[in-house]
Amino acid sequence: MTNLDIWTYSVVGFTFAMYIGIAIWARAGSTGEFYVAGGGVHPVANGMATGADWMSAASFISMAGLIAFNGYGASVFLMGWTGGYVLLALLLAPYLRKFGKFTVPEFIGDRYYSQTARIVAVICLILASITYVIGQMKGIGVAFSRFLETSYEMGLYIGMGIVAIYAVLGGMKGITYTQIAQYVVLILAYTIPAIFISLSLTGNPVPQIGLGGSYAPGGGEMSLLAKLDQVVTDLGFKEYTTQVMGSSLNMFAYTLSLMIGTAGLPHVIIRFFTVPKVRDARYSAGWALVFIALLYTTAPAVGAMARLNLMDTIQVGPIGSEEGNLLYADRPEWFKKWEATGLLQFEDKNDDGRIQYYNDQNEAFAEKAESFGWKGNEMVKVDRDIMVLANPEIAGLPNWVIALVVAGGLAAALSTAAGLLLAISSAISHDLLKGVFMPRISEKAELNAGRLSMVGAILVAGYLGLNPPGFAAGTVAIAFGLAAASIFPALMMGIFMKRMNNAGAIAGMIAGIGVTLLYVFQHKGIFFIPGTSFLAPEMGMGADWFFGISPNAFGVVGAAVNFGVAFIVAAVTAPPPEHIQHLVEDVRVPRGAGEAVGH
Amino acid sequence: MTPDNRAAYWKSNLRLLAILLIFWFVVPFVFGIILVEPLNTIQLGGYPLGFWFAQQGSIYVFLVIIFVYARSMSRLDKKFDVDES
């Protein structure tokens, strides 16, 4: 066992022992504790738990990689995933807390006085949460495959096992306190390497300032971002600070979809049912964003600096010079390790024993590359998801930092998976089983049913994790589209439009989610199964035929369809009964909020 | 807590929401996306300004919006006598 192995096993082993210890200590004894942690969580503590619940494998592992390779274009994730908290804090959280029930479908069912609405909401919730959980599974697979040096599949099976033990034990009460511990682990794991790297590249320990600082190894005359722009464009890649994702319209739609989707994600919303008061729900959303912003404002620095380090590692001298490229035989240790996982692949196309990494899709650069004797990009695979995990090794940081990053990635994936599984299991056991099919079920039986449905959800997510539809962040973005198109509009209209009725809300949700799924599946395959995509590009309906909006950015269109259909249907059907209008008035004022209750 | 002050409270709330949501929209979408190119001609340290809004500034503005909202609402709750005991 190497020194790094010992560090990694110790750090990861210690954190796992801590999570399981907390989960046992805070085990749920009642449904109130299982669903909403008894309703007594301090707003700052809930903010921290929300941070961990929210920041997933996508945020921790994938986002910096997406930023590294998409530059400015990846701003959609930064703005979208934080701006949603404004909508959540201003439009939903305080009112749903006042309503004071256990689940999101429960609000929709009561507000729209309809079991059908409740069931439609459950289906939307499960679709969105399952898609979201796939991203976590992928993240766990990547972290484990690196950590145990196993295959991705083996990593995934191990991850599923750990999540199963962990989520079934926890309940919301256990999950809350575990998530607080997981937040601490993941934020340390994220910021410590960032500080080291920022210090070495810019001389400034604060990554948020370092990214706007000067490139210190170059003598300090040039800013880091200008240096990065130069390095990537010299090799035929797009300029880092200006490259857009699709088009400006696509970025606009993508950002808005992520914002609305964030506000509509049930596993985030239910976290605000755990605080004592309406006032706490407002502040708690602010605290959640404080803890999230710590990572989200660091990520752009991590992405940019990782990209610069990667390019510098391979392109060691002037471009086109005899010895300008790294000899494959001289490749660093981290390179070999990631090759073993299959996530990094090299192919010596021109048999010169050196690594050429450039953009061979760029026609303007092709002639130049040919004159150097380059025969195509030889880094045939650089998986974006490895950037954060490989970053400390690329920067040559000590082994304990690398071990901490592995633990942080796992903390991020586990905490989010647990939150999602709770949202899914509470929808099945509380909304479907107790709410619809077996209203007389005992509390103990309901608890057991919740735990059983968690196990089922893990198996489904694991299967889809083995056939992942894209990068972890890309998969997650689809979940956001679904939440944006179904749940957010139904909740918002329920609070802000007294006139919205059962028929309007149901028609709106079905139309919104229907149009979004159609757009995603026609491109990505039905339930992401390869080869089942329809309306092929040959028919003039490619991936982004609708005004160039990519499937991941389509949620906002789905939301607009939902609102539109709901308005029209509500206008021609009977207004909601008087007691529902009183309920809406009551939800709008804070006075009289009690603890969350189950019926 | 009369029906009248409930209605007045709701109206004040909606006015506050409208103002804050304008900031929520303008900073990321206008500064960070629509006007990003002209803003990038201005430098903020080593950051092109538009790029800074898209990757840093928006997030700071979101934080300010939420805390301003939470404080203002606590005040409105008291003023209209609808606060929690």
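Every residue number used here counts from 1 along the chain in the order it is shown.
Yeah, the Cβs are placed from backbone N, Cα and C, and that goes for glycine too.
Keep in mind that what you see is a predicted model, and the values were worked out from it rather than measured.
Matching A:44-64, A:527-547 against TrEMBL, the residues noted as transmembrane segment span A:527-547. When each of A:6-26, A:117-134, A:183-201, A:449-466 is checked for Cβ pairs under 8 Å to the transmembrane segment (A:400-428), A:183-201 comes out on top. Nonlocal intrachain contacts for the transmembrane segment (A:503-521), taken as residues 6+ away from its ends with a CB within less than 8 angstroms of a stretch CB, comprise 108, 111-112, 114, 116-117, 120-121, 124, 127, 478, 481-482, 484-487, 489-490, 493-494, 527, 532-534, 546, 551, 554-555, 557-559, 561-571, 573. Tertiary neighbourhood of the transmembrane segment (A:78-96): same-chain residues 59, 63, 67, 104, 107, 254-263, 268-269, 272-273, 278-279, 281-282, 284-286, 288-289, 292-293, 296, 299-300, 480, 488, 491-492, 495-496, 587-588, 590, selected by CB-CB distance under 8 Å and a gap of 6+ residues from either end.
If you look at the transmembrane segment (A:154-171) against the transmembrane segment (A:183-201), you find fewer than three C-beta pairs under 8 angstroms, all six or more positions apart, and that falls short of contact. Between the transmembrane segment (A:554-574) and the transmembrane segment (A:251-273), three or more CB pairs separated by 6 or more residues in sequence fall under 8 Å, so the two stretches touch.
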